[in-house]
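Asks: Below: one structure in structure tokens.
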Amino acid sequence: MINNLTVAERQWALVVLLVGGLIGLTMAAVGAGEPFGAHGFLVLFFCAALFFPVLSRLDEPEPSPHAGRSYYDDPIKVGIILAMVWAVIGMFFGLWVAYLLAWPDLTIDAPWASFGRLRPAHTTGVIFGFGGTALIATSFHVMQRTSRARLAGQFSPWFVLLGYQLFVLIAVSGYLMGVTQSKEYAEAEWYADLWLVVVWITYFVLYLRTLARRNEPHIYVANWYYMAFILIVAILHIFNNLALPVSWAGSRSYIVWSGVQDAMMQWWYGHNAVAFFLTAGFLGMLYYYLPKRAERPIYSYRLSILSFWGIVFFYVWAGSHHLHYTALPHWVQTLGMTFSVMLLVPSWATAANALMTLNGAWHKVRDDATLRFMMVAAIFYGLTTFEGSFLAIRGVNALSHYTDWTVAHVHAGALGWNALLIFGVVYAAVPVIWRRERMWSNRLIEWHFWLAVLGTVVYVLAMWNSGILQGLMWRTYTDAGTLQYPFIASVLAMNPYYVARAVGGTMFFVGTLIGIYNLWMTIRQAPAADMVADHPVSVRDEAGERGVPAE
Amino acid sequence: MSVEERDPLTGHKTTGHEWNGITELNTRVPRAVWWAIGITHVWALIIWILLPSWPLITTYTKGLLGVDQRELVQGEIQAGQRYRAYWEANLAAASLDEIRGEQALMDVVVASAPTLWGDNCAACHGMLGVGGPGFPNLTDDAWLWGGSDEAVLESIRVGINATHPDTRVSEMLAFGQLDVLTRDQIRAVAAYVQSLSGLANPNPEVRAEGQTIFEVNCTSCHGEDATGMNEVGAPNLTDEFWIYGGSDEAIFTSIHDGRRGWMPAWEGRLSEAQNKILALYLLDILPDAQ
């Protein structure tokens, strides 16, 4: 892979890694004995682990000039593998906290192994590690294929993919050491946040430069969604994380926002992280891989336009529904609620557009578990967005808020929509990227599919029951006008559901392990395929004509 | 140049573009979508007219219903209080014996006490009041501060070593840390204390030494006969009940490091009626629940 970089790119990589290593060394020196110093060593080792392999291949010959005419898939391969590694790490932490809730003694007596530290390691591991890496890898695939252009440059894709890994590593390891700014899904401290800004801007520029080289007259829908994802996440990330470090040699910082403004900023971020990270980006995936796998045209281009602008417009208003019945002024809550309900229409229109695209391909859904993963993901997307709008209604929220119903809702989305879609996409993309005829075993894909779907259903049903029971127990009064149940009674009542949730999570996790085994065997053993068509330059271009846009 | 084609399956035309084999149909937006947009937008408009919603420069639109979440909450709190009014004042005014004599008030106690207990007391004393290491069992006959109606109500009201100005104060001195007693002396007096309740049978020499140490250092709080003093919250050492444990190690630790148990004061956090409900639960209901 390193041999495919030009010598100039290898030199540039060495310079960047050297600077990164020096920054890490400085952090390690000034923060000695503190988590900040430990992160310095992490940065140093990360850079060193990449520096020496590049250095040892510095004198290898330049890559073949023909290589520049194909798609650049090396970072996609690494990205897909890293995403699956993060899936195991993130889900392992998730499983641990699930078992911990059912059996509270299932941990060791160490600070890092306490629930409060394991839980953000889980959420960050799956959302940013698994989901984010899958988004980056698939976006590289989709932007090249739908633009019929090679990625712009070979250095910045690696910078984005690996730089992002460093961010997630700093974040997750920090939580285990107690480094957190206590903002949900934005727990990472100031230096990790600053680094992510650098990576993210590079990502956006890379996307724009690749689109600018496209050999297609129009930009395909999937790219609209990926771009909305990158752009809005950058804005959300910067505004929510504006903070003043206590010192340049320590991890602690203070957020510039305070009180209810901080809460509003946090949930504007939190909700739109769901909207643009876990929805817009994933819709980009869905819009490419689903029609590609089904070999059917998108049901309606007009519906795509309507839904895209509906989703990006309405979502940014909806965050305040996370703060119903709080110090947030009533009028902000009303706006959040109404926009959340209006949001349902473009969300469902998108789900419908995906499912209607399958018309004429339902026999494939029956026979092909890969396509079925995507189909079920679209159904869970519709289900979750309906539930989201419903829970955003103030009166409903009065029952659901602070209960496991929220956990059910989040996992219907994260497992049923995001994870199932990623698995379908990985099964669709891996044979293409690795030039294989097919995945190693279709039977294992079937096993994975059913374990994942059943696991999700068990999990979500358990948490629905648990959440609604909790909400009802908390608001039940006796004839004397006093509370019927002490809080601890509601905790005890949750136990059977927590056991069921752990079972569902285990099924899902086993499915993931099966998927990784299948992925590994595909890379190693599946028969090779000849993919002449998967090439940015057409026959006409080969003849010497410049690939100009057709319009 | 785009080439529009007709999809043979649906009969719809494509937009004429193609990306890596993907095409798009130019299907009209289904009528149901327009209807859904219309319905949700009209609903939102009605909500905006009725409720506080849009910001203005220095204020916001208040809505025709004139509701405000602060007033709503206050209204609901008042409604809840009115609902409880029929018994709350009566409970607060009556003595525990008077409450015991009135079935209607006891019904309220029976209905509301378990939750009140579970949310305020159970974290330390347990759902059944049997306590745990460091937290006394409240269902046995051993009382640190007395088990009468008045004594229990007072303990709940002012707490023990709490921030309340009238709080009950009690401390077992750290005889070892303060170098009042040597380790050997502590072992001797511990053996003597164990012998009082028949936990151990030390040889007469050690017992006699322990007894001497006890008489010099301990009787001012635990009494000549070691049966404790409710006035200072000193436990009876001759019974079978132990707060911090009756093992060699536990007693040694108690004498060496001292003890300073703590219970919050509930006056101001719970109403007078609630304190009485808890006292009745503790005195009358919990012992029968074992």
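Each position is counted from 1, following the chain as shown.
Heads up, the Cβ atoms here are built off N, Cα and C, so glycines get one too.
Note that the structure is predicted; figures quoted are calculated from it, not measured.
Look at TrEMBL and you will find A:38-551 tagged as domain 'Cytochrome oxidase subunit I profile'. Look at TrEMBL and you will find A:36-55, A:76-101, A:121-143, A:155-178, A:190-212, A:224-248, A:268-289, A:301-318, A:338-361, A:373-394, A:447-464, A:498-520 (among others) tagged as transmembrane segment.
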Asks: Looking only at residues six or more beyond either end of the transmembrane segment (A:224-248), which have a C-beta under 8 A from one in the stretch?
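Replies: Sequence-remote neighbours of the transmembrane segment (A:224-248) are 30, 135, 139, 142-143, 181, 183, 186, 188, 190-191, 193, 196-197, 200-201, 203-204, 207, 254-257, 265-266, 268-269, 272-273, 275-277, 280-281, 283-284, 287, 308, 312, 316.
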Asks: Which residues of the same chain, at least 6 past either end of the transmembrane segment (A:373-394), have a Cβ under 8 Å from a Cβ in it?
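Replies: For the transmembrane segment (A:373-394), the far contacts come to 279, 286, 289-290, 293, 318, 321, 324-325, 333-334, 336-337, 340-341, 343-344, 347-348, 350-352, 354-355, 358, 365, 400, 405-406, 409, 412-413, 415-418, 420-421, 423-425, 427-428, 449, 452-453, 456.
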Asks: To the transmembrane segment (A:268-289), which of A:121-143, A:155-178, A:301-318, A:447-464 is linked by the most Cβ pairs under 8 Å?
Replies: A:121-143
Asks: May I ask for the residues of the chain that lie six or more residues beyond the transmembrane segment (A:190-212) and have a Cβ under 8 Å from a Cβ within it?
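Replies: The answer is 27, 36, 39, 136, 139, 143-144, 147, 149-153, 156-157, 159-160, 163-164, 166-167, 170-171, 174, 181, 219, 223, 226-227, 230-231, 233-234, 237-238, 241, 243, 245, 251, 253.
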Asks: What parts of the chain pack near the transmembrane segment (A:301-318), using Cβ distances under 8 Å and only residues at least 6 beyond its ends?
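Replies: Residues 221, 224-225, 228, 232, 268, 271-272, 275-276, 279-280, 283, 287, 335-336, 339-340, 342-343, 345-347, 349-350, 352-353, 392.
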